[in-house]
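Right, one structure below, let's go through it.
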Amino acid sequence: TNGSQTRTQSFFLGGFPAWGTTQVWSAVPLCSTYLLALLGNLTVLSIIRAEQSLHAPMYLLLAMLAVADLGLSTSTFPTMLRVLWLEAREVSFGTCLTQMFFIHSFTDIESAVLLAMALDRYVAICHPLRYSSILTNSVTTKICVAIMVRTALVQFPLPLLLTRLCFSGVSQLSHPYCLHPDIIKHAGSDTRISSAYGLFVLLSTLGLDLLFVLLSYLLILKTILNFATWRERLKALNTCISHVCAVLLFFVPMISLSMMHRFGKHVSPEAYVFTANLHFLAPPILNPIVYSVKTKSIRRRVLRVLCQRG
């Protein structure tokens, strides 16, 4: 039966093609990267929790972004380290589907939070006098709950649809973690429903989010160009810089990876793996740094802690 074929199925995780012989040494920077991501995001969360003045919509969304980044890095790093350190490439079907579910879920959450942050910037710049009445803490909490509900509703069918497919033998994946487009390539039965649903999820979450982020920035730019002086324009733009960095860090590698999947017949495996790893590893490490540098209250708190230690 399909079920028994699926249960005995296991996957071999892809590696890091360019690294070959120096894999154990490569695990050291990777481990440091993971620790840096944990430290940065936990620091942001603890500062927002401790500072009463930061219990405001913008910072609640930043806390949600840090949670998404923690989830994303914790979903991807363990199997990457297993591949590099222990050369343990084989994972069971169930483990692979679980990892896939969490990676795609946290990716969706991050995308939706970036859209909510774009909305926050839009209201702050285009309707500054009504900002505190439009974006209250309770509205922000409802947005966060809506993000979680949307993610759960669209992501749950993905692994369920995969369990209905036939997989035989051992399949070699492209990445050191499990992704839906990668798993589906190895199915021995009709994948049209799973593929169509995967595309629907991608377009209805990440695709729509990106579209609305771009739309909100068009409206922000239109408003900023109506400001009288260059100083006012630069001041308004300055409040968007960290969010723009976060959007670019998240969406640019993702779009590049999607393009490679669709049209990259002659792309080298190294470029493919590098782009995928950049997509999952860069935001959790760099987002806390960008926001700490650009957000005065967080920067002050970090410096205060460092000075006390010093």
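Even glycines carry a Cβ here, placed using N, Cα and C.
The feature transmembrane segment is assigned by TrEMBL to 24-48, 60-81, 101-119, 131-153, 196-220, 240-259, 271-291. The domain 'G-protein coupled receptors family 1 profile' annotation in TrEMBL covers 40-291.
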Per the definition of 3+ C-beta pairs under 8 A with sequence separation of 6 or more, do the transmembrane segment (271-291) and the transmembrane segment (24-48) touch?
yes
For the transmembrane segment (196-220), find every same-chain residue at least 6 residues outside the stretch whose CB is under 8 Å from a CB in it, and list them.
104, 107-108, 111-112, 114-115, 118-119, 121-122, 125-126, 150-151, 154-155, 157-158, 161, 180-181, 184, 236, 240, 244, 247, 251, 254, 258
So if I exclude everything within five residues of the ends of the transmembrane segment (131-153), which remaining residues of that chain have a CB under 8 angstroms from its CBs? That is, six or more out.
55-57, 60-61, 64, 105, 108-109, 112-113, 116, 119-120, 123-124, 205
Looking only at the domain 'G-protein coupled receptors family 1 profile' (40-291), report the model's average pLDDT.
88
